[in-house]
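Features reported for this protein in TrEMBL:
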DOMAIN    34-228  domain 'Succinylglutamate desuccinylase/Aspartoacylase catalytic'
BINDING   HIS44, GLU47, HIS139  Zn(2+) binding site
BINDING   ARG86, GLU201, TYR311  N-acetyl-L-aspartate binding site
BINDING   ASN93, ARG94, TYR187, ALA188, THR189, THR190, ARG191  substrate binding site
ACT_SITE  GLU201  active site, proton donor/acceptor
DOMAIN    242-321  domain 'AstE/AspA barrel-sandwich hybrid'
Amino acid sequence: VETEVLLYFLFHFQQFLGLLKSMTSSAVVDTPPVRRVAIFGGTHGNELSGVFLVKHWQENGAEIERRGMEVKPFLSNPRAVEKCTRYIDCDLNRVFGPDNLGRTVVEDIPYEVRRAQEINHIFGPKGSADAYDLIFDLHNTTSNMGGTIILENSRDDFTIQMVHYIKNALAPELCPVLLIEHPSLKYATTRSVAKHPVGVEVGPQPQGVVRADILHKMRKIIKHGLDFVQLFNEGKEFPSCTVEVFKIMEKVDYPRNKNDEVIAIIHPKLQDQDWQPLNKGDPLFLTLDGEVIRYGGDHTVYPTFINEAAYYEKKQAFVKTVKVKLTANHIRASASEQNTS
């Protein structure tokens, strides 16, 4: 409980610092233009909205073409796509750390590790000046998360400004933002090869299924994201802005027995309630004997990835988030590199 209280006050202190930053930062920050953009689909081969869109754009890319930049649609995990499975040997969206990217290629190396090295060669190297400027990584979830944008860095003015633009363009339709910046819960994503990594997570959609409404939400997010990049590259300035996001705090597993088997399921009152407040005493799980297991925390949290099918193997029933505000500086593309042709 002491840890939870400490984290609660820490993140509210960060909100205060963000507000202070917005009050004191009036200078315009010159930011390099974004010339090379990739759109990844099929990082998980059974998440079909991104697979369908990327294959479509590879055949007919007019929809994603924008002046002054290259936009490359790319199928991240073709073998998993062919088999319509999440992965072949291991999760591609977890292996982009230095150990795997620098691993010696031998005959029995996991397919996804070899594929990660190929992706890093094409779009990276990760962390270098030669890396792609921006990668949108398209995902589906079985959870009721709507059209969600995932950020990895709370200090990236460009991506925060992009999120602000996309949210305004989609309004009144909601567009939650998940910040996965956390010392132990952040993972080495496929998109982290780019200077500006952006995840797009849309659901609910079953694995191995494509739904028109879910695909359409994903398509709109990409459209507005690319529009923002073009406007930015052409010299439009974006004044300082603040965006409310959900910051990941803790992963919660299902109740288990001594054999490590799940013994309780998501309670009906929690199911499909992604992004809704969870208060002390609210039901979390239900055993088959009818016992209700309730939330015992002292502070309101906002669960998401509730009952995600792919996370049973990761021992995750949902994640707790808290609301925080991110502030971005007033930005414009560096004048010497603008391209308005």
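From the backbone N, Cα and C atoms, a Cβ is placed for every residue, glycine too.
Structure coloured by features recorded in TrEMBL.
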residue: HIS44; record: Zn(2+) binding site; Cβ contacts under 8 Å, 6 or more apart: ASN77, ALA80, ARG86, TYR87, ASP91, LEU92, ASN93, HIS139, ASN140, ALA310
residue: ARG94; record: substrate binding site; Cβ contacts under 8 Å, 6 or more apart: TYR187, ALA188, THR189
residue: THR190; record: substrate binding site; Cβ contacts under 8 Å, 6 or more apart: PHE40, THR43, SER76, LEU92, ASN93, PHE96, ALA116, ILE119, ILE135, ASP137
residue: ARG191; record: substrate binding site; Cβ contacts under 8 Å, 6 or more apart: PHE40, ILE135, PHE136, ASP137, PRO197, VAL198, GLY199
residue: GLU201; record: N-acetyl-L-aspartate binding site; Cβ contacts under 8 Å, 6 or more apart: HIS139, ASN140, THR141, MET145, THR148, ILE149, ILE150, LEU178
residue: TYR311; record: N-acetyl-L-aspartate binding site; Cβ contacts under 8 Å, 6 or more apart: PHE305, ALA317
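Taking H, G and I as helix, E and B as strand and the rest as coil, DSSP gives the domain 'AstE/AspA barrel-sandwich hybrid' (242-321) the counts 3 helix, 31 strand, 46 coil.
Each residue in HIS44, GLU47, HIS139, ASN140, THR141, THR142, PHE305, GLU308, ALA309, ALA310 lies on the same chain as ARG86, GLU201, TYR311 and has a C-beta within 8 Å of the C-beta centroid of that N-acetyl-L-aspartate site, without being one of the site residues. Spanning the listed N-acetyl-L-aspartate site, residues ARG86, GLU201, TYR311 have a farthest Cα to Cα distance of 15 Å. Residues ASN93, ARG94, TYR187, ALA188, THR189, THR190, ARG191 are recorded as binding substrate; their most distant pair of Cα atoms lies 11 Å apart. Close to the recorded substrate site, the chain also has THR43, ASP91, LEU92, VAL95, PHE96, ASP137, SER192: residues not among ASN93, ARG94, TYR187, ALA188, THR189, THR190, ARG191 whose Cβ is within 8 Å of the site's Cβ mean position. Same-chain neighbours of the Zn(2+) site beyond HIS44, GLU47, HIS139, judged by a C-beta within 8 angstroms of the site's C-beta center, are, in sequence order, GLY42, THR43, GLY45, ASN46, GLY50, ARG86, ASN93, LEU138, ASN140, THR141, GLU201, ALA310. When each of the binding-site residues ARG86, HIS139 is scored by how many other Cβ atoms sit within 10 Å of its Cβ, ARG86 comes out lowest. Of the listed binding-site residues GLU47, ASN93, ALA188, the Cβ environment within 10 Å is emptiest of other Cβ atoms at ALA188.
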